[in-house]
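What follows is one structure encoded as structure tokens, with my remarks underneath.
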Amino acid sequence: MSERKLFTSESVSEGHPDKIADQISDAILDAILAKDPEAHVAAETAVYTGSVHVFGEISTNAYVDINRVVRDTIAEIGYTNTEYGFSAETVGVHPSLVEQSPDIAQGVNEALEVRGNADQDPLDLIGAGDQGLMFGFAVDETEELMPLPIALSHKLVRRLAELRKSEEISYLRPDAKSQVTVEYDENDRPVRVDTVVISTQHDPEATNEQIHQDVIKKVIKEVIPSSYLDDKTKFFINPTGRFVIGGPQGDSGLTGRKIIVDTYGGYSRHGGGAFSGKDATKVDRSASYAARYIAKNIVAADLAKKAEVQLAYAIGVAQPVSVRIDTFGTGTVAESQLEKAARQIFDLRPAGIIQMLDLKRPIYRQTSAYGHMGRTDIDLPWERLDKVDALKEAVK
């Protein structure tokens with residue numbers, strides 16, 4: 001009998017408390033970068049009933065109305081009704097942003113490689129904003145080269161948001177979660193969806209029967225290809241029986257609490273660093289994007305069916321301390337060849353990544369819900385497949 005395995009990933013909507021925090025942090029980052037592309041930003045957000053606290057470190061000469069950015073972001077998400085216990089115009093906003101530590105700044109502004117060196121490469125100037133390890137991943141399970149469980153989970157909560165904002169389902173409220181369990185065959189290929197879990201906040205008048213019917217018909221069956229669904233697929237829709245109190249009224253939220261949702265749904269390893277609120281000198285963010293860029297181009301070049309890239313850095317040092325690529329036995333060339341090619345083709349110094357992916361632009365708010373990787377609805381530079389030919393040539 002062939003061995004089949006299950007794998008599960010989850011996603012959350014833009015109205016989930018942790019995602020509200022992520023979106024506020026990235027909206028602040030974008031507002032600052034729009035006025036000062038050289039700014040250093042580390043903006044953290046905490047949300048709870050009736051309150052938003054924004055704190056962290058920034059280095060910029062630009063003025064940004066933090067209060068307005070916070071309120072506009074909350075309104076765009078859909079928290080405009082005081083009945084939700086959290087509303088854009090009535091929430092208390094408490095900013096507390098201070099200047100970046102000069103001890104950190106000296107290592108970021110002048111990397112170890114150029115200190116005391118008159119013959120400087122401009123891309124050696126910026127040192128990594130912290131030590132750490134970052135992972136990027138790609139797999140040929142979907143068109144966007146993402147694991148199927150997280151890809152479907154994102155699409156389910158995005159569909160819920162579309163139906164809410166268009167008022168096609170008028171009783172929906174902003175907070176929601178999804179979870180998809182996929183069955184894989186003995187060759188590690190997805191064959192069917194075993195279980196779908198969706199919890200969506202709703203008005204008190206909505207009945208469980210109506211929610212169940214609408215979610216299956218207008219969300220699940222609109223998003224998940226019928227070839228993955230069968231009579232054994234299990235659906236759990238609002239399994240607690242009621243989800244009226246939600247968002248920050250139901251749970252507090254913090255920036256950086258959904259790092260697995262932001263990446264690969266647990267299918268690949270994670271270095272532990274969050275993305276939102278951080279400018280691109282923070283390698284937690286920029287190197288994770290670079291690692292995805294490498295992995296996706298490797299898989300798109302048919303050099304592997306599955307690729308995981310690890311990068312690691314020392315604070316204040318420009319060059320990565322290590323580059324590792326794992327193809328899990330699916331590669332068509334040696335992993336050492338891929339590692340050598342990656343170092344040749346992709347500039348993995350922080351300034352090199354920033355230049356390669358044009359990361360000084362205000363592009364981050366759009367990434368802060370529904371995943372930073374595998375997005376097909378927006379143009380993200382780390383999702384481009386413009387290094388395929390160079391990789392093929394490098395490993396000949």
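Cβ atoms here come from the backbone N, Cα and C positions, even for glycine.
Within HIS16, HIS40, the residue that Swiss-Prot lists together with ASP175, ALA176, LYS177, ARG242, PHE243, ASP251, ARG257, LYS258, ALA274, LYS278 for binding ATP is HIS16. Per Swiss-Prot, the stretch carrying the note region 'Flexible loop' among 1-11, 100-110, 320-330 is 100-110. In this entry, HIS16, ASP175, ALA176, LYS177, ARG242, PHE243, ASP251, ARG257, LYS258, ALA274, LYS278 make up the residues listed for ATP, with the farthest two CA atoms of the set 36 Å from each other. Cβ-based neighbour count (10 Å, all protein chains) for LYS278 (ATP binding site) stands at 27. When the binding-site residues HIS16, ARG242, LYS282 are compared by the number of other C-beta atoms lying within 10 angstroms of their own C-beta, ARG242 comes out lowest. Annotated pair ALA176 (ATP binding site) and ASP18 (Mg(2+) binding site), C-alpha to C-alpha distance, rounded: 11 Å. Packing around GLU44 (K(+) binding site) is summarised by its Cβ count: 22 other Cβ atoms lie within 10 angstroms of its Cβ, all protein chains included. For the binding-site residues HIS16, GLU57, ASP251, LYS258, LYS278, a Cα to Cα distance of within 10 angstroms from GLU44 (K(+) binding site) holds for GLU57, LYS278.
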